[in-house]
Amino acid sequence: MDGQDPTLGCEREQKGQPAFTWEVWANNRAHHAQLRKRSAFCLSKKKYTGNAIKTAKYNVLTFLPLNLYEQFHRMANVYFVFVILLQTFPEISTLPWYTLLFPLSCLLTIRALRDLMDDIGRHQSDRNINSRPCEILCGESFCWQRWRDVCVGDIVRLHRDSLVPADMLLLCSSEPSSLCYVETSDIDGETNLKFRQALLVTHQELTSEGSLAAFDGRVTCEEPNSRMHSFTGVLQWRGETYPLDGQRILLRGCKLRNTNTCYGLVIYAGFDSKIMRSCGKIKRKKTKLDRMMDRLVVIIFLVLLATSLCLAVASGFWAKMFQEKHSYLAALYKHTTPAKQAFFSFWSFTILLSVIIPMSMYITFEFIYLVNSFFINWDLEMYYAVKDIPAKARSTSLNDQLGQVEYIFSDKTGTLTQNVMSFKKCCVNGTIYGLGTGHENKQPSGLVLTRSCHGEKTLDPNNVGLREAAHRNSDPVLREFLRLLALCHTVMVEERGDQLVYQAASPDEEALVLAARSLGYVFLSRTQDTITISELGVKRTYQVLAMLDFNSDRKRMSVLVRDPQGTIRLYTKGADTVILERLRGRGPNQDFTERALDLFAEETLRTLCLASKELSEVEYDEWGRRHRVANVLLQGRACELDRLYEEMEQDLELLGVTAIEDKLQEGVPETIQLLKLGNIKVWVLTGDKQETAMNVGYACKLLTDDMEILEEKEASEIFKAYWARNNVSGSACVSQQHSEPLCHKKRALVVSGDFLDTILPTGEVLQKKGQLWQQLSCHGATDPQEQGSLVEKAFVDLATSCQAVICCRFTPKQKALIVQLVKKHKKATTLAIGDGANDVNMIKTADIGVGISGLEGVQAVQCSDYALARFCYLQRLLLIHGRWGYLRICKFLRYFFYKTFAGLLTQVWFAFHNGFTAQPLYEGWFLALYNVFYTAYPVLSMGLLEQDVSAKKSLRFPELYTIGQQNQLFNYRIFSVTLLHGVSTSLTSFYIALWAFEDHVGSRTVGDYESFSVTVATSALLSVLMEIILDTKFWTALSFLMVTASLLLYCLFSFLTQSIDAFRIAPTVFRFPDATQNALTDPYILLVVLLSLVVNTIPSLTIRSYNAITGNTSIQQKICWKARQEPEPSVELRTHIPRGSFHRHSSYAFSHQEGYAGLITRGESLRTKGTHSTNDIHSTNDIHTTNSIHSTNDIHNTNDTHTTKGTRSTNSTHTTNSTHATNDICATTALHPQGTPPPWPSRHS
C-alpha cells in the first residue's frame, strides 16, 4: 500500500478532497457512541457503525412490501392487476375476478419464494460472519466476544491463522519490531504473504495488557473509502504526532500468518471497512429478454386498447343502426344509449382480449428457468472432482442471458492463474536443461518441480538430468549458478522438525530456492549478516556484506557475500533487459543463451538472467565506505544508493538463465480461444502489476505477438488526436481515428488504474482533472456532465476496438466502473468472473456474475449468479448451456405468442359477425384451459429440451454463439412475423369454418353456434400443434409424450366439461353440452378441420422447402456448414517472438514490488535469544525501526525520535540498513546480536 504524508491534508482540501475528519479514540466507546451524522429527511444516525454486516435484502417486516414492489416493476404484473380490477365490475366482467387472481397469486408466490430462498442464504452467511469469535479488550483483560460486538476504538487481539474482523491499526505483535504477516487471499486471491509493521513507539510502549488498557491515543485519518491500496492518517499520543500509512493497517478479511499474536486498534468497522465499501450494492438483474418483454407488454396492451376502442366504436354504430332499423324493439333499449353501450363494450372487449398476454406464460417461464438451472447443476463435465465442487446456478433467471454475452471481465490471480510458480527450464553454460528439450550440446533431460502428496515440492523422477549434472560437480559455471539460487534471495526459513519451510515475498522466488534445494544446494538459515547453505551435503556459511534489494525500477537484486575462503563475490539476478547490458563482454555462450531466452519466451515462460563477478578487498573497501555514508544521508539517499548499486552491478559474467512457469489453471488458453471464436472479448482486470498481467496475457493467449500493444502513452496520443480532429463533435469514435493504418492489425490496450483516474471521474481521485480533461476543455466542451460523457465514450470506443484489454493496478471500484462503462455506452451484455472479495463489486455490476469457488472464492461466490470451480468451465456454461438456454427461451416465447394469437384472435373476427357485442366465441373452459393444458406442454418441452446442435458440436463450432449476441432468435422483427403468422392462422381457422357453416350443414344437421365454436377451436389447436412439431429440432420421448398429452387432455377436458351431467348440475358454468362429441363425429366437420389444418400448414412447409432448395438456410446451418468447410485451427500454445523483442518476461523482476532485504539487514525479521513469548510481546535487546517499506519516489523522515541514544531516519526502498546506532553509524555489515532463524511456518500448513 502506498503511504502518504499527512501534511498533505491542506493540499487535499484545496484540491477539493475531503479533510481528515475521522477521529478514533482508543478505548473510548462512550465518545464514539455520542457522535452522530446527518441522514435523510433531516434525521441523524450514528457516525460510527457497528461491525455487524448485513448483505441480505429483506427482513421479516420488509420482505412482503419490498418484494411486491420489485415484482411490480414487471409491466406484465401491473397489466394483470389492471385486468383483475376490471373483472370486479359485473357490468363489464366476462369471467369472475378470482379466476385471474389465483394464477397471479401463484406467479407472485413462486417468484417471492425464489427470492426468499436466495435471501435466506445471505442471512445465514451474515450470521456466520457476524458470529465469528474474537478477543476484545474489556477493562484490564481480553475477553472472547463476537465480530458483531467489535466497535470503533476497541483493541482486538488476534492469533495465528485468525481473520481480521475490521480495519485496524497494528499496535504491536509478537514478532521482532512488531512485524505482522498477513495473507490477503480472501481479498485479492494472492497467497504470498504481505507484511505490516507497527509504529516504533507503540511497539516499545505497549508491552502488556495493562499498557494496552491505558492506551489513550487518538487517530485522525480520512473518512471511510474504498481505496484498498492507500491509507493516510496520524496518531496523536502523549503530545506527539506520528504518521500512519497503509503499512500500518490490517484490512478486514486478511488472515494472520506466521505471527503468533498481534494487537490492533479498530479504525473502520462493518460497512465502513474498505472491503465492504468496495463490495457495492446488490442489484436486481434483468435480462435483455426481460426488458424486451416489458416493452412488448406495453405494445400489446396499447394494441389491445386500440382494437377494443375500434370494436367499441363499431359496437356503438351498430347499436344505433339496429335501433333505427328495428324501432319496435325500442323498449329493450330504454335504459341505454349507443354511446353507453360502446363504453361498456370497450371494457368488455378489453377483458375478453386480455388473454392475449397469458399469465400462464410467465409461470411456465419461471419453470423453464428453474429446470435449465438444474441442468447446469447436474452437468458432470463442470464437476470438479478434485475438490468435490459442482457447478451451481445461484440465480435462476439469467440462463438466456448466458447465451448473449459479448464481454467477459476476468480477474487474474486465482481465476486465470493458480498463483503457483514452477521451475521448468534453465540454460547454463550453453546447455538447456528442461522438460521437453532435446540434447543440444549433449543436453541432459530436463527438470520439473512437482508437489508430492504431502505438499512438498520434489523433482520429477523422470527428469533428473540436471540433478545428475549438479551432483557430478564437474561444471564450475553450473556450481556458481546453483550457488547463486541458494544465496541471492530474501527468503525466510524455519526448521520444523527435520523439514525446512520457506516463506518468500513472491511465489517465483520461492520456486527458485526450492529448485536449488532439490539440486543439492539447500538454503538452511540466515542471520542479519550471514547466510548458511548446504552445498551437496557440505555446510558453508557466507558473510553477507550487502543486499542490493529489488524494486520495480531496478528489475534486479544482488547480494554481496564473502565465502568461507575469504573471496568476495557479487551475485545478481534480474530481467534480461538489465542484466545483458551490464555484462563484461560477450562470452562464448552468450549468443546461445540469448537464443534460449527467446525459446523460453516463445513458450511464455518467465525468464530471469543470473550473473556474478569477483571483487578484490580494495574494491570492496572503497565501495563499502561510500555505501555506509549513503545509508545515513537525510536528503538524496535513494538517488545516491541507486548510483552506487549501478556502479557495483557492472562487468558481470553471465552464468545462465532460468525459466519459470506461472501456472495457469487447466484449460485457460483453450477456453479463451474458444470464447474469442465465439466473438466474446475477454478483458483482464487485476490489481497486479502491468508486467505480470501482460505475462499472463501472453501465457493464456489473450495477447499474441502479432498484436500492437497500446499502452498509456499511445492511448493518450490517440485521445489527443481524436479531440484535435473532431473538435469534440462526438460524431466519430476513437476506434476510427487509426482504423485506416490498423485495419488489418490486431490491437491490445494495457492501462493502469492511475491512467483511468486521469481521464474518468472514478471517485478514486476526487474531482481530479487530468491532462485529457484539460485538452477536452480547450476544445469547447464546458458542461462537466457532457465532458464526462464524451471522455467515457472515447475511452470505451478505444477499448472496444481492441481485441484484448488488460487493466492493471485496478481497485475493486475501478473494476466495477469499467464494467459499468461498457454496459452504458455499448449496451452490451457483460459477464464478470473472479474469486476474491475484491471482485465482488465487479460481479454485482455485470449483467452476469460468476464466482470461482475454491479456497479463496467464498465471498465472490456468495455474491455471484453462477459458481464454477474452474475458469475453463466457462466454455460449457456459455457455449452450451447459455446458447441452449437462449435458444429455448426464444423458441418458447415465439411459439407461446404464436399459439396465443392463433387461437384467441378469432374472438376479434367473431365480433364482426355478432354485432360487436363482446360475446366470447369459445366456451369459458376452453379459454381457461387453452394456455394451461391444451397447448402448453409441447411448448414447455421445447423450452426445456430443444437443441439445434449437440453439446460437442456447440464447442466445435463456437461461431454459433454469435446468434445470441445479435438477438437474432427473438426481436421485434421476429415478434412481428409471429404476430402476422398467428393472425393468418386465426383468420384461416375462423373463415374456413364460417364458410363451411354459412350455407351448408353436416349429415347430422350440425350447424349451430356451439359446433362452430368447437370447429374453430379444434382447427386452431391442431394447426398450432403441427407448427410446433415442424419446428422441433430435437425429439425425445418427452417431446412425443407432450404432444400426445395435449391431444388427450383436450379430449378429456372436453368430455368432462361438456357432459350432460355437468350441464344439469351447473348449466351456467357448463354451457356446451355434448358440443365436441356432436361436432367431431360428423365427417363433414372433420373434413373442415382437416382443410384448415392443411391450409395453415402449407405456408410453413413451402417456406422450409424453398429454403432447402435454394440454399437459403438458417444462420445456424450456414455457420455449421462454413465451419465444416473451413475448420478453425486447434489452439496453438506457442507463439513466435522475434529475438530481442520486448515480449521477454522476467520472472523475478515482474513478480512483486520489493523484497524483504530491508528487514533482513536491519535484523527486524530475525528473532534473538531474548524474544518474548506470545503474551510478552517485545524484546528489549532488539534494535527497532519505524518502517520497513516506503515509496520508491520519496524519502520519509519520521517524527518518532524517542530513542535516547543517537538519531534515526527511516529507509526508502533502496535502503538496506537501519541507522539508529548509539555512537557510530552502522553499515550494512555492522554486527548486531545474532539471531536464530525466525519461525516461518508454511502457508500450506
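The backbone N, Cα and C atoms fix where each Cβ goes, and this holds for glycine too.
Curation plays no part in TrEMBL annotations; they are all automatic predictions.
As annotated by TrEMBL, active site, 4-aspartylphosphate intermediate applies to Asp411. Using a 10 Å radius centred on the Cβ of Asp411 (active site, 4-aspartylphosphate intermediate) and all shown protein chains, the other Cβ atoms total 29.
Annotation comment: TrEMBL describes Asp411, Lys412, Thr413, Glu509, Phe550, Lys573, Arg606, Thr686, Gly687, Asp688, Arg809, Lys815, Asn838, Asp839 as ATP binding site.
Annotated Mg(2+) binding site per TrEMBL: Asp411, Thr413, Asp835, Asp839, in sequence order.
The compositional bias 'Polar residues' annotation in TrEMBL covers 1171-1191.
Here TrEMBL flags 1204-1223 as compositional bias 'Low complexity'.
As annotated by TrEMBL, domain 'P-type ATPase N-terminal' applies to 25-100. The average pLDDT the prediction assigns to the domain 'P-type ATPase N-terminal' (25-100) is 83.
What TrEMBL lists as domain 'P-type ATPase C-terminal' is 861-1108.
The transmembrane segment feature in TrEMBL is assigned to 72-89 (among others). Residues 95-97, 99-101, 104, 107-108, 284, 290, 293-295, 297-298, 301, 347, 350-351, 354, 357, 359, 362 of the same chain lie 6 or more positions beyond the ends of the transmembrane segment (72-89) yet place their CB under 8 Å from a CB of it.
Here TrEMBL flags 296-319 (among others) as transmembrane segment.
What TrEMBL lists as transmembrane segment is 342-365 (among others).
Feature annotation from TrEMBL assigns transmembrane segment to 924-945 (among others).
Residues annotated as transmembrane segment in TrEMBL: 974-997 (among others).
According to TrEMBL, the feature transmembrane segment maps to 1009-1030 (among others).
The transmembrane segment annotation in TrEMBL covers 1037-1056 (among others).
Taken from TrEMBL, the feature transmembrane segment covers 1084-1103 (among others).
DSSP labels the residues of the domain 'P-type ATPase N-terminal' (25-100) in these numbers: 35 helix, 7 strand, 34 coil. Cβ atoms under 8 Å from those of the transmembrane segment (1037-1056) belong to residues 925, 929, 933-938, 940-942, 944-945, 1014, 1021, 1025, 1028-1029, 1062, 1076-1077 of the same chain, restricted to positions at least 6 beyond its ends. Across the candidate stretches 296-319, 342-365, 924-945, 1009-1030, the maximum count of CB pairs under 8 A to the transmembrane segment (1084-1103) is reached by 1009-1030.
Take the Cα of Asp835 (Mg(2+) binding site) and measure to each of the binding-site residues Thr413, Arg606, Gly687, Arg809: the nearest one is Thr413. Neighbour count (other Cβ atoms within 10 Å of the Cβ, all protein chains): 27 for Gly687 (ATP binding site). Rounded to a whole value, the Cα-Cα separation of Gly687 (ATP binding site) and Asp411 (active site, 4-aspartylphosphate intermediate) is 9 Å.
Beyond the transmembrane segment (342-365), the same-chain residues lying 6 or more positions past its ends with a Cβ under 8 Å from any Cβ of the stretch are 76, 79-80, 83, 86-87, 89, 91-95, 100, 103-104, 106-107, 110, 297, 300-301, 304-305, 307-309, 311-313, 315-316, 319, 889, 892-893, 896, 900-901, 904-905, 907-908, 911, 916-918, 920, 927, 931-932, 936, 939-940, 943. With respect to Cβ neighbours within 10 Å, the binding-site residues Asp835, Asp839 differ, and Asp835 shows the lowest count. Rounded to a whole number, the C-alpha distance linking Phe550 (ATP binding site) with Asp411 (active site, 4-aspartylphosphate intermediate) is 26 angstrom. Between the CA atoms of Arg809 (ATP binding site) and Asp839 (Mg(2+) binding site) there is a gap of 13 Å, rounded to the nearest whole number.
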